[in-house]
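Pulled from TrEMBL:
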BINDING   R22, E84, R123, K458  (6S)-5-formyl-5,6,7,8-tetrahydrofolate binding site
BINDING   N230, T249, I251, T254  K(+) binding site
BINDING   230-235, 249-255, 274-277  GTP binding site
BINDING   S234, T255  Mg(2+) binding site
DOMAIN    220-379  domain 'TrmE-type G'
Amino acid sequence: MEKDTIAAISTPIGEGAIAIVRLSGEEAVSIVNPLFDGKDLTNVDSHTIHYGKLLDPVTSEMVEEVMVTVMKGPKTFTKEDVIEINCHGGLASVNRLLEIVLSRGARLAEPGEFTKRAFLNGRIDLSQAEAVMDLIRAKTDKAMNIALKQLDGKLSKLVNQLRQSLIETVAHVEVNIDYPEYDDVEEMSHQLLREKTEEVYQEVERLLSMARQGKILREGIATAIIGRPNVGKSSLLNALVHETKAIVTDIPGTTRDVIEEYVNIRGIPLRLVDTAGIRETEDIVEKIGVERSRKVLKESDLILLVLNYGETLSDEDRQLFEAIKGLEYIVIVNKTDLPQALDIDEVKRLAGNQKVITTALIEDKGIDQLEDAIAETFFAGDIDSGDLTYVSNVRHIQLLQQTMKALEDAKGAIDAGMPIDLVQIDVTRAWELLGEIVGDTVQDSLIDQLFSQFCLGK
Ligand code: GDP
Ligand code: ZN
């Protein structure tokens, strides 16, 4: 266990009526108690809250009226003694409180250090720690649900089951080799390995197949709006932003950055990207050519191509279709209140499998259908099936992909009739890779790097 006691402001800076300074470590109580004019905190029950005054250690004058929560380890987030000082004051007084506890021997916590301690002290595993980080960043309720499930240990449990299955197989094969009671031990081991490897392989594949959705919920759908001048791109942008409901959900102990370029469509965050200015772009093709604009557009998960119902399809429109060929897009035929000039059949032909939606943005018509189309495009309607374990973390996705590769190698080696111990190398590798997800086989440097991404005070 770490020796020193850490402290940080654990509420959003400048927000909210109550601010909290949190301490964790062996000396949390002994640092705060002499500063506290109220009950003797060394003598109170764990998990109780106490009103009192916080005194300046030098002048003994009152700095602030406070409520102090005393939580003794190991039943705390970090498994250490934790003290939370709640005060009403603004930024200045919270900072003052923090300064005082630092002057009494606490050390300013590094970003993510509370969570890191929870991990190091065995309170949570790595994927759960990462879930804390995701919670802080979650932009919609659905993204938050994924993170909560992960925090709950759902992913960890699944991953650990898979690891268990792999390691048992390896052990079993090991025993077979060491005690070859039968002549066909080699063949039996091959078969067992083949079966188990296949089983785990399919489960990893299933997890990965949901990863795209998870990633989208977590990071948002990178969306670009393109079209000729005057077709209604700005109007569309405004309509989408207008629809957005503010996301306010309070989870104790977490804060979230409000990022205004996100719009919330049916719980799915759309991130209106501005990669090299392609959001709301009128002459992208003309400006940088089909090839390059294609490259830029490829960085989007979704493209909204706006056309004008009141005009015939122009060469520019066709170029735009060319530029987004093979990408995920939705065609929005706008201005359906005008007399028809656009050949819809031709548009549908050009769009192929992609959806074509008609709107009259000026009359607020068609936005609902567009939202349906977006939700369907990315979630095929099953977004609410609550018991799915989504993998949304890029690090986890990469590890799962590497696990699949290792298992593929194992399967290939088995089918090629390679010696058992060679197959085992691949299986063991898969076991190690899965271990990195829960932080079992992960290196210290990676742990430091992961935790440094946290907000201060978490
Ligand atoms: P952008 O240049 O593609 O961004 O297009 P804007 O959104 O700025 O719209 C150009 C013009 O078309 C504006 O005068 C809008 O009011 C108008 N407009 C937008 N949507 C509609 C629509 O559905 N019907 C009609 N008749 N006009 C529209
Ligand atoms: Zn515009």
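Each Cβ is built from the backbone N, Cα and C atoms, and glycine gets one as well.
Among the binding-site residues R123, K233, S234, the residues whose Cβ sits under 6 Å from any atom of ligand 1 are K233, S234. Checked against ligand 2, the binding-site residues R22, E84, R123, N230, K233 give K233 as the ones with a Cβ under 6 Å from it, listed in sequence order. In the three-state DSSP classification, R22 ((6S)-5-formyl-5,6,7,8-tetrahydrofolate binding site) falls within a strand. Of the listed binding-site residues, namely R22, R123, K233, the sparsest CB environment within 10 A is found at R123. Long-range neighbours of N230 (K(+) binding site) (same chain, six or more residues apart, CB within less than 8 Å of its CB): N308.
In this model, the domain 'TrmE-type G' (220-379) carries an average pLDDT of 78.
According to DSSP, N230 (K(+) binding site) sits in a coil region rather than a helix or strand. For the binding-site residues E84, S234, counting C-beta atoms within 10 A of each C-beta gives the highest total at E84. On the backbone, the CA of S234 (Mg(2+) binding site) and the CA of E84 ((6S)-5-formyl-5,6,7,8-tetrahydrofolate binding site) stand 48 Å apart. Closest by Cα distance to K233 (GTP binding site), from the binding-site residues R22, E84, R123, is R22. Following the DSSP three-state reduction, the secondary structure of R123 ((6S)-5-formyl-5,6,7,8-tetrahydrofolate binding site) is coil. Look at E84 ((6S)-5-formyl-5,6,7,8-tetrahydrofolate binding site): DSSP puts it in a strand.
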